[in-house]
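Here's the structure we're looking at; comments come further down.
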Amino acid sequence: MENHKDDAVLLKHGWCEMLKGGVIMDVKSVEQAKIAEEAGAIGVMVLENIPSELRNKEGVARSVDPSKVEEIKKCVSINVLAKVRIGHFVEAQILEELKIDMIDESEVLTIADEMHHIDKHKFKTPFVCGCTNLGEALRRISEGASMIRTKGEAGTGNIIEAIKHIRTVNNEIKYLCSLSDSEVYHFAKKINAPIDLVLLTKKLKRLPVVNFAAGGVATPADAAMCMQLGMDGVFVGSGIFESENPRKMAASIVSAVSNFNNPKILLDVSMNLGKAMCGSTRVSDKWKNKNEEHTKFLTPQ
């Protein structure tokens, strides 16, 4: 692993620090991107289909058409992000050539490489990756991820998986901080994570990069709950544009993230939103056991 204090790494991490306290919304069109910007989102994630649609479609889910990203970049002044398939470094190269603000190496799309994640150190563009536990988060960081997010259960409008992943990481960090120095080395081996990042996490008492919630956030209350559990910000997918009133829902979630510890404001922004996305309690077979990351995903390529 490259030295985490390398200037390029610090630059990417520093950029992500500026996103703290913000909301990033999934969008499919210029119109949706403008709604997100007007609502106060700090960024938009450009997709061909939002996660709820991807769950119900057969076939391969790939990275977005670059022309759509380019079109949206011209129409909004906030950050523009897009997803690539796990391991698909060429999709990432294409997005970097577009000068996109951030790349999400995402399990929401069809996996491209079962043996490797992308070596994110090779890119100037910062990456965000999903995790379900501390070991997974630190492995992604060792590969060059500048931001971590929960995997959650995208497209369901059901927050249960995201909360599980948040609490898992929090509890593992709490346990790590209780260990003696000699015990830390055994713990690092047990979770298959680089010892330098494990030691840094213990020192900081948190992940060494920005950490957002994602996967199933559908209401202002969901977003505020994630923030109260220690998240730095929130990704919202289908919860905005599958709701009855996307403009109002978007603005309310942004306000909830900014005021997550103020019940009075949370009450106010939760009133008269119209119907939230219908949602689903079904966990997809593809990710039913994703709390135990596939052992193949250990090294970048």
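Cβ from N, Cα, C; glycine included.
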D-ribose 5-phosphate site partner of ASP26, GLY216, GLY237, SER238 according to Swiss-Prot, chosen from GLY87, GLY144, GLY155, is GLY155
Rounded Cα distance, in Å, between GLY155 (D-ribose 5-phosphate binding site) and LYS83 (active site, schiff-base intermediate with D-ribose 5-phosphate) is 15
Students should find that the Cα atoms of SER238 (D-ribose 5-phosphate binding site) and LYS83 (active site, schiff-base intermediate with D-ribose 5-phosphate) sit apart, in Å rounded to an integer, by 15
Whole-number Å distance separating the Cα atoms of GLY237 (D-ribose 5-phosphate binding site) and LYS83 (active site, schiff-base intermediate with D-ribose 5-phosphate) is 12
Minimal Cβ count within 10 Å, across the recorded positions LYS83, ARG167, points to ARG167
Record-annotated D-ribose 5-phosphate contacts ASP26, GLY155, GLY216, GLY237, SER238; largest Cα to Cα distance in whole Å is 12
